[in-house]
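Below: the structure, in structure tokens.
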Amino acid sequence: MEQQLLFSDLGVSEEILSAVEDMGFTQPSPIQAQTIPLLLEGHDVIGQAQTGTGKTASFAIPIIDMVDVDSNKPQALILCPTRELAVQVEGEINKLAKYKRRLSSTCIYGGDPIDRQIRALKKGVQVVVGTPGRIMDHLDRGTLDLRQVGIVVLDEADEMLDMGFRDDIETILKTMPDERQTVFFSATMAKPIMDLTKKYQQDPKIVKVVRKELTVENIAQHYYEVKSPLKMDLITRLIHVNQFNLSLIFCNTKRATDEVTEELIARGIQAEALHGDLSQAQRTKVMNKFRKGHCSVLVATDVAARGIDVDNVEAVFNYDLPLDEENYVHRIGRTGRAGKSGTAINFVTGRRDLGRIGDLERFIKTSIQKMTPPSAAEMLEMKKDQLVLDVKRKVAKEEDNSVYSATIEKMLEEGLTLDEVALGLVKMQMRSAVKELNEVNFSLDIGRKDKGDGRGRRDGRESRFERSDRKGRTERGDRGDRGPKGKKEREPNMARLFLNLGKKDRIRPNDIVGAIAGETGVPGRSIGGIDIFENFSFVDVPKKDVNHVISVMNSNTIKGKPVNFEISKG
């Protein structure tokens with residue numbers, strides 16, 4: 001039997017061993033077991049690992065052990081894509097440095113008063129955790145000195161590049177000494193990441209951890225076919241019938257998070273929105289309410305949700321399906337933690353979404369089961385059961401009931417029987433529920449074939465995802481499924497846009513749809529035909545949205561590349 005590696009086998013200090021013991025750990029995770037010795041030996045490292053693998057401790061522990069507490073100058077810098085992740089990383093450092101006397105760290109990010117950050121830096125810190133934008137702000141002000149940094153960590157480096165931070169990252173790296181350790185952690189080893197490592201690392205050691213979460217064995221995954229206008233009705237039913245204590249709902253745009261949150265509140269569900277427009281104080285307040293159970297539903301975008309670490313989330317709803325498979329795993333990985341079971345619920349609003357379900361199943365190597373929405377009759381039975389439980393709890397609760405008893409006596413004196421009193425009170429409690437619970441036809445009637453047949457369409461045609469993966473295209477380029485092949489007439493309410501990215505940029509139809517939907521708020525289902533050529537592409541969008549799409553997208557990127565949209569002259 002193979003002997004289990006312990007933290008004490010990694011060459012870490014007694015202070016660290018005491019801290020990890022207090023945290024309830026004795027054995028390092030695979031990423032920790034491989035990375036900690038390499039960093040303590042002074043190597044540069046590329047770590048391919050996702051959230052939930054213990055990667056934070058894998059770089060935090062060596063940093064804590066290597067820092068010289070006799071110097072109050074920054075000696076370690078950790079860059080994170082979001083403020084939530086930065087706060088989480090610094091919190092982990094503080095726990096691990098519990099017994100390292102005089103070690104000081106600070107977290108600097110946008111949305112937090114910069115004066116407070118300046119005071120912390122002037123006071124003296126050895127470890128700085130922050131987001132690229134705010135780090136650049138301090139460098140421009142001269143309030144952050146990185147000339148003595150001996151180790152820099154880019155946590156979730158791929159995410160920072162996707163968010164457009166490459167120039168800031170390179171500027172920050174160039175302000176540090178050449179003789180330093182540089183550490184990259186990334187979920188992927190895409191070309192932009194490898195380009196940076198070649199430029200800024202010296203003979204890096206590569207550490208890869210196979211992502212066990214891809215099997216998501218403890219998460220029950222379902223999907224519901226639902227007409228888009230009825231998504232709110234369905235999600236309300238599912239929240240009520242399952243009675244989840246804590247749920248996460250993911251939307252693809254900030255506007256959608258606000259709309260869903262407002263509608264849930266109007267329906268009597270305690271919900272809060274989390275997206276990039278909130279100030280840091282607002283975000284902290286929202287997260288505290290969610291962690292403490294003061295709100296039962298958190299509605300978030302992908303970027304805003306990064307760094308959220310809550311173990312008791314019982315369900316994740318993909319109100320909008322994510323734009324790629326990695327995001328799907330990130331999302332549903334918020335539930336089913338700490339050995340608990342979880343539920344992931346996906347909404348399918350058309351054939352494109354149904355094709356995405358097939359893509360996701362292939363990626364996670366697990367089936368996503370189609371479910372039937374709860375009927376009005378089932379909802380009514382649930383309401384009855386809930387009322388019975390509530391009454392039992394109220395009756396069992398020890399308190400002064402004299403006021404309530406006197407009220408019942410008054411009703412009896414007015415000539416009502418006990419049955420009539422009970423009936424009237426139940427009517428008052430159930431009337432709104434009975435009125436609201438009309439039978440609703442949620443179904444899209446699109447369906448898919450049984451497992452093993454490629455999940456094709458009912459009419460035998462391939463889904464857009466199967467077609468878009470085919471080789472041997474015609475010279476016209478990728479069509480991405482937006483209609484039958486060959487020449488087709490454009491719908492009268494659609495306009496064709498030209499964009500300057502094509503096959504050479506590894507652009508796919510999904511990338512174009514995702515970028516437009518995510519940045520402009522135009523629903524993905526409203527986007528029409530897509531043709532991808534070697535050096536450019538075309539996309540059809542609703543005429544009413546043309547100016548908005550051009551205005552918003554021309555200040556954005558797709559897959560990290562600047563994009564230019566204009567009305568097609570063809």
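Placement of Cβ uses the backbone N, Cα and C atoms for every residue, glycine included.
Because TrEMBL annotations are produced automatically, they should be read as predictions rather than curated entries.
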For the record in TrEMBL, which of the ranges 5-33, 411-439, 527-555 is the motif 'Q motif' one? 5-33
Any residues 6+ beyond the ends of the motif 'Q motif' (5-33) with a Cβ under 8 Å from its own? 40, 47, 49, 53-55, 57-58, 61-62, 64-65, 95-100, 207, 209
DSSP composition of the domain 'DEAD-box RNA helicase Q' (5-33), residue counts helix/strand/coil, works out to 16 helix, 0 strand, 13 coil
Average the per-residue pLDDT over the domain 'DEAD-box RNA helicase Q' (5-33) and send me the rounded value. 89
